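Undergrad: Next up is a structure, given as structure tokens.
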Amino acid sequence: MEERSTLIEADGLQRFFGPTQAVQDFSFQLERGEILGFLGVNGAGKTTTMEMLTGNLAPSGGRIELNGCDLLDNPRPAKASVGYLPETLPLYTTMTVDAYLRFCARLNRVPKADLDEAVATAMRRCGLEDVAERVIANLSRGYKQRVGLAQAIVHDPEVLILDEPTKGLDPIQVREIRQLIRELGKSHSVILSSHVLPEVEAICTRVQIIHEGRLVLAEDVSALRARMQHSSLLLGGRALPAPESVQGIQGVERVERLDDGRLRVFHDTQSDTAEQIVARAASEGWGLWELTPERKSLEQVFVDLTGASESEVQDTNEEMAA
Amino acid sequence: MIGIIAMRDLRSLFAQPLAWVVLAVVQGLVAWFFFSGVGRFERLQPQLSRMSDPPGITDITVIPTLDSAAIVLLMIVPILAMRLIAEERRAETIRLMYSAPVSMSEIALGKFFGLAGFLLIVVALTAVMPLSLLLGTSLDLGRLAAGLIGLTLLLAAFGSAGLFFSTLTRSPIVAGVATFGLLLFLWVINFGGVDLGPLQPAIDYLSMLDHYNAFLEGTIGTEHAIYFALVTLGFLTLSVQRLDAHRLQT
């Protein structure tokens, strides 16, 4: 079979739940070797989109092609090329890890002759060899998550769709799972959803921000990073000058004094403001002990992109923190 | 594919206490009915010996046992079937099958045959009791076979109805109660003395008990077999449609 470069093509996806529109006019493509992040707050439409891509939910409108096969007209080969990890892990908790993965492989039409190898490979990649004979119900949350991932990759699909793969894990487990996803990204194309920006930044090559069912931004992670590039500096020092005198430095737009005596300097992104500040601090003896570039937060990016009101962003903010 | 889904269901059923408890309860109850049937035969022995064409042990012991077994299973099958789809939707394990290259008919049939496999074990264990009489006497084996085939067809109809109700809701209990209600209704549908006039033949036709009794009489009547086949196929088709509709949910 020829190697296709475009693995997912979604065109004008729509989804209504009663009168509410959960997803509107959503189009995108996924190329081989990409790790694409769906970023958005809870309820933005990430899960709905993923359920449509995996055939769990029929779209109200639009078209989905997976690995060149239309999901509606030709569901069998289309679904065979996708592995899905839903947000709620689809685990039969009374089965052992080995029996469960065997069942998942058979369900995805792995030929009987290749079964042992497929299951062994999935277990090795997800670090499950030691628990192969344990009953899933008795595993820790982190291991259950790995079993969920193993289930998604056991038939070696072209595309992996992972809904909040690090949800509910502790920081060490999060790091392990991210490492694993990055590893899988080398041989598969991956879509993952998240409501935390650092996660998407850490794993993905491309990001799509979804807000209220609409695609508001689709670009490379490096471009997103640039967009969020620092536009302010925090200064701390033993003898900082008055804000007005810092104002004079080239590129500085505004200076405010914080309660603890530090200064926050807003500047444009063209000039090398930091460099000039350091030069001034050295020549005028400010006794500088802190110079921190501040990044735009995700909620600021949201405001820029969606023009949402401040109070909405406040809610968003709380959700992100949660 | 159907076999894979059915085998998984069957295995996981036996990994839990439910299957064993059901087997024990059904076996215990049927054994009690069988035991009283044997006692009845012994009590009637003197009168029977005076009759010219007396009913045999098959009439007096075996057939009533199968009759009571059906009633026990009418209550048990809804409990076994209620979790088939409802539980999978509640635990969201159903997504595994929805995302896999598996059709809705394969899911429905896999679930159905998983349950059917268990019910066949029940039928086999039920059959052992009458067959044990062969150690001491002779049986009307043809009639016993007809009865067992009838019981099997009846259980297929019970199971498919249970499967259908299990696709309607995420709550297994709701599905179980609904299934039990429907099956009991179809069982007793023409018990009442009221004559419903032109509707009466239709009502009589719907009675599961009448069709089952025809098998217990010892005949494998095509029309009765067709009745059970229609009920089973009907509920299976409806189940497939319900599974399809889950993806369209609004």
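Here the Cβ of each residue, glycine as well, is placed from N, Cα and C on the backbone.
Annotation comment: TrEMBL describes B:12-35, B:68-86, B:107-132, B:144-165, B:172-189, B:225-243 as transmembrane segment.
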Undergrad: So which residues does the transmembrane segment (B:225-243) touch in its own chain, when a touch means Cβ under 8 Å and the partner is 6 or more beyond its ends?
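TA: Hits for the transmembrane segment (B:225-243): 85, 104-105, 107-109, 111-112, 153-154, 156-157, 159-161, 163-164, 167-168, 205, 208, 211.
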Undergrad: With a Cβ cut-off under 8 Å, give me the same-chain residues at least six positions beyond the ends of the transmembrane segment (B:68-86) that come close to it.
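TA: Counting only partners 6 or more residues beyond its ends, the transmembrane segment (B:68-86) has Cβ contacts under 8 Å with 9, 13, 18, 22, 25-26, 29-30, 33, 94, 111, 114-115, 118-119, 122, 126, 151, 154-155, 158-159, 161-163, 165-167, 169-177, 179-180, 183-184, 187, 212, 239, 243.
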Undergrad: Using a Cβ-Cβ cut-off of under 8 Å, list the residues of the same chain that are 6+ residues beyond the ends of the transmembrane segment (B:12-35) and lie near it.
TA: 61, 64-65, 68-69, 72-73, 76, 79-80, 114, 118, 121-122, 125-126, 129-130
